[in-house]
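Novice: Right, I'll just put the structure down here and ask away after.
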Amino acid sequence: NLSTVSEFVFVGLSDAPETRLLLFVLFLLIYLATMAGNIALLAAISSDSHLHSPMYFFLSNLSLLDLLCPTITVPKMLGALLLEHKEISFSGCLLQHFSLIAVVGTEIFLLTVMAYDRYVAVCHPLRYPSVVSAKLCARLALGTWAAGLLNSLLHTSLVFTLCFCGPNKIQQYYCDIPPVLALSCSPTRSRELVILLVAGVLGSGACLVTVVSYIYILLEILSRDSPGAWHKAFSTCASHLTVVCLFYGTTICTYVRPSFSYSPHRDRVVSMLYGMLTPLLNPIIYSLRNKEVKCALTRVISRV
């Protein structure tokens, strides 16, 4: 209620008409390809009974998140490029911020759950159907979504209860934590510390579970001393491990650091990596590394 800013303006997108049109076409094609890839993957998993297993259940949740992530930010960016409508209301910015942080947080927790799923599949294959049951999968998926929403609620309340009474130009193409904090005329140091602490605890906890899971997987493979075990474990875990490295690397570079190190130009590039390219690459990574998914996708495409 103390804020005098009623809307924000996105800057950082090109002002040259010929460049704007080129960027519009490029980002539109990336967005459409992302939608098509993840929708096709969801259709393949839901229509093929061979893919009705815990691994693909979690993968379908990942595809849903990869549909939501660019949809939260890209349409507004496309409108700014084509129509030069770069303004967003305070409440619209708040909603966009909440939705994006919720999706990113949920994906972090989901990738951790998927790491545990791979650990059980490799280290305890005989017990896998009983350990990773349908009920446990539903609870884990629900828990990841709930944790992501609660985490986003905390971050959004910390950021948008500040006072905004000065500049309203966001050095980004969407409402993100660092550029919005930079516009506040209130002291932000204590809230930055809380944000870093929460992100550090949750992120390091999720990362630790993932690392420990893969350490156990590696030890299990070494104990078997079989070339076939190496190949099977690699085919089982390679896709997930690739997605984890890609997602964690870009997310940590964007969020886990203080605001004084904020660089608008660098952050726009990094945020596009995890906001646009990662959702595009995830279905490609899982499709290329998985024969069952490729066969199911082929059947879906042939029916279409």
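All residue numbers here begin at 1 and follow the chain in the order shown.
From the backbone N, Cα and C atoms, a Cβ is placed for every residue, glycine too.
Automated prediction, rather than curation, is the source of TrEMBL annotations.
Feature list, courtesy of TrEMBL:
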{"type": "DOMAIN", "residues": "37-286", "note": "domain 'G-protein coupled receptors family 1 profile'"}
{"type": "TRANSMEM", "residues": "20-44", "note": "transmembrane segment"}
{"type": "TRANSMEM", "residues": "56-74", "note": "transmembrane segment"}
{"type": "TRANSMEM", "residues": "94-116", "note": "transmembrane segment"}
{"type": "TRANSMEM", "residues": "136-154", "note": "transmembrane segment"}
{"type": "TRANSMEM", "residues": "193-217", "note": "transmembrane segment"}
{"type": "TRANSMEM", "residues": "229-249", "note": "transmembrane segment"}
{"type": "TRANSMEM", "residues": "269-288", "note": "transmembrane segment"}
Novice: Against which stretches of its own chain does the transmembrane segment (94-116) lie, if we need a Cβ under 8 Å and a gap of at least six residues from its ends?
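Specialist: Sequence-distant neighbours of the transmembrane segment (94-116): 55, 58-59, 61-62, 65, 68-69, 72-73, 76, 88, 140-141, 143-145, 147-149, 151-153, 155-156, 159-160, 174-177, 180, 202-203, 206, 209-210, 213-214, 240, 243-244, 247-248, 251, 274-275.
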Novice: Could you give the mean pLDDT over the domain 'G-protein coupled receptors family 1 profile' (37-286), rounded to a whole number?
Specialist: 83
